[in-house]
Amino acid sequence: MSEAQPRDLDSRFLASAIRLGRLSLGEAAPNPAVGAIVVKDGAVVGRGRTAIGGRPHAETAALLEAGDKARGGTLYVSLEPCAHHGRTPPCADAIVAAGIGRVVMPIRDPDPRVDGKGVAKLRAAGVEVREGLLAEPARDAHQGYLTRTTKGRPYVLLKLALSADEGIGLTGHGQIAITGPLARRHVQVLRSRVDAILVGAGTLRADDPLLTCRLPGLLARSPIRSVLSRSGVLPEHAKMFVAGPDTWVLSPKSPSLVMQELIDARDGALRWLQLRAESDVPAEALAQLGACGVNTLLLEGGAQTASAFLKAGLVDELLLFRSPILLGEERIAAFPDSSVSDMITPFRAVEQRHFGPDDFTRYKRAA
């Protein structure tokens, strides 16, 4: 028999489970970053979130912490529990075996192996299931996984740092700081919450970025670094290719002999993902990343790459930092063939913040 929970407590505990799951963003792929909380007699007796690499699952961790206290309790979980045998047994079976009497969840898992089967298995075993509560916050938390599962590609965030005159850099000056230290710190945090970063070959040549999480304690959470190159001609001495976390090159061309030697020398840390077609490179690149289990992708430049993904309708969120500085006549335009206001027309602002002198606006593609 499950314990009764007032409806406002359901919302409170489920919101906590969703927040808990967010802590695994950037670590859980290809799995969703799920949070789970076990409550008995109004008190939390177990917590869990998806572990690095996706296993163990959040429900397993929460039930393990709860132990015998789980019996008759309520499990709050940010996504439908799985019902299939994969690399781990079904979470629905573990929930039933633990004696959980009630499950509160916001949304179903669209994976065809799950999609209602977890709910059906729980109800067939006599577990009460409440679903649909806090569905929108849950979709937002799981947007990467949901996009990859339903569309076969990652959820794409485009980060742009603009000067007051809509520049993203200075011609011939390499990488320059447009925003202040607080905004740059926020970008490091953003990197730690995504599965991969992508830049174009032009940005690689001009800036030679390392693309790691440089804040103390976050280096280990640096995402996969990826480069998109139509020509396949890249500077083999680039820092990304010789040191740091995993790096992937996406190109319709084959690697040069020197690049192939680098790939062999790095023993899997450097990969070349050959695209099948040259005509639709952005979409093909995303399909490759999705097939590799990337849930969320952060685009960090440059102008041509950003414009290509925007024009193809493949950007889901735009993260726009605006600096008060002026770059002048030598500035590199954010969008060579269009204005920023034109490019953001398909999006709606959902969040605004300030980082010192810099303004930040988060836009989501309008439905």
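Glycine is no exception: its Cβ is also placed from the backbone N, Cα and C atoms.
Bear in mind that TrEMBL entries carry predicted annotations, made automatically and left uncurated.
If you check TrEMBL, you get these features:
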type: DOMAIN; residues: 8-130; note: domain 'CMP/dCMP-type deaminase'
type: BINDING; residues: His57, Cys82, Cys91; note: Zn(2+) binding site
type: ACT_SITE; residues: Glu59; note: active site, proton donor
type: BINDING; residues: Ala161, Asp207, Gly302, Ala303, Gln304, Thr305, Ala306, Ser307, Ala308; note: NADP(+) binding site
type: BINDING; residues: Arg191, Thr203, Leu211, Arg214, Glu300; note: substrate binding site
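A map of TrEMBL features onto the structure.
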residue: His57; record: Zn(2+) binding site; contacts (Cβ under 8 Å, 6+ apart): Asn31, Val34, Gly48, Thr50, Ala51, Cys82, Thr88, Cys91
residue: Ala161; record: NADP(+) binding site; contacts (Cβ under 8 Å, 6+ apart): Ile168, Ile178, Thr179, Ala183, Phe321, Ser323
residue: Arg191; record: substrate binding site; contacts (Cβ under 8 Å, 6+ apart): Gly26, Ile197, Leu211, Thr212, Cys213, Leu218, Arg221, Ser222, Pro223, Leu298
residue: Glu300; record: substrate binding site; contacts (Cβ under 8 Å, 6+ apart): Lys159, Ile197, Leu198, Val199, Thr203, Pro209, Leu211
residue: Gly302; record: NADP(+) binding site; contacts (Cβ under 8 Å, 6+ apart): Ile168, Gly169, Val199, Gly200, Gly202, Thr203, Ala206, Ile332
residue: Gln304; record: NADP(+) binding site; contacts (Cβ under 8 Å, 6+ apart): Gly200, Gly202, Pro336
residue: Ala306; record: NADP(+) binding site; contacts (Cβ under 8 Å, 6+ apart): Leu158, Leu160, Leu299, Ala334, Phe335
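Between the binding-site residues Cys82, Cys91, Leu211, Ala308, the minimum number of other C-beta atoms within 10 Å of a residue's C-beta occurs at Ala308. Counting residues per DSSP class in helix, strand and coil order gives 46 helix, 24 strand, 53 coil for the domain 'CMP/dCMP-type deaminase' (8-130). A coil conformation is recorded for Arg214 (substrate binding site) in the three-state DSSP classification, outside any helix or strand. Rounded to a whole number, the distance between the Cα atoms of Arg214 (substrate binding site) and Ala308 (NADP(+) binding site) is 28 Å.
Thr203 (substrate binding site) is surrounded by 24 other CB atoms, counting those within 10 A of its CB over all protein chains shown. In this structure, the recorded positions Glu59, Arg214 were compared by how many other Cβ atoms lie within 10 Å of their Cβ, and the smallest count belongs to Arg214. Here the binding residues for substrate are Arg191, Thr203, Leu211, Arg214, Glu300. Their largest Cα to Cα distance works out to 19 Å.
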